[in-house]
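First up is the structure itself, then whatever we jot down about it.
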Amino acid sequence: MKWRAAMAAILLAAGLSACGNGSPSSDGGKNTANGGDAEKLVDQKCSACHGDQLQGNVGPNLQHIGSKLNEKQILNVIENGKGDMPKGLLKGDDAQKVAKWLSKKK
């Protein structure tokens with residue numbers, strides 16, 4: 001039974017590290033708010049956990065998140081994290097753009 005708990009912890013750690021992989025963006029680390037759109041940001045920062053179609057993976061399905069949470073609530077989750085999602089994967093204008101885009105997913 002202990003090995004199952006250990007395996008679950010390892011898989012969770014691997015999943016979380018993939019969500020915020022920390023690799024610089026293709027723009028050389030510049031703020032993606034100056035030209036990157038929300039869909040590109042989601043692809044870069046969210047798809048490892050939420051899936052390439054937002055269908056869910058390690059993280060929950062976000063395909064209809066706008067019918068459950070409003071833009072402000074989504075922004076709060078992006079900025080502060082929730083459950084296994086770490087805070088601060090996106091900040092400032094980037095977080096705002098993604099929250100607005102996700103809020104339209106109904």
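Positions of Cβ are set from backbone N, Cα and C atoms, glycine also.
Pulled from TrEMBL:
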| type | residues | note |
| --- | --- | --- |
| SIGNAL | 1-18 | signal peptide |
| DOMAIN | 30-106 | domain 'Cytochrome c' |
| BINDING | Cys46, Cys49, His50, Met85 | heme c binding site |
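Within the model, the domain 'Cytochrome c' (30-106) carries an average pLDDT of 91. Counting residues per DSSP class in helix, strand and coil order gives 37 helix, 2 strand, 38 coil for the domain 'Cytochrome c' (30-106). Across the residues annotated as binding heme c (Cys46, Cys49, His50, Met85), the widest Cα-Cα separation comes to 10 Å.
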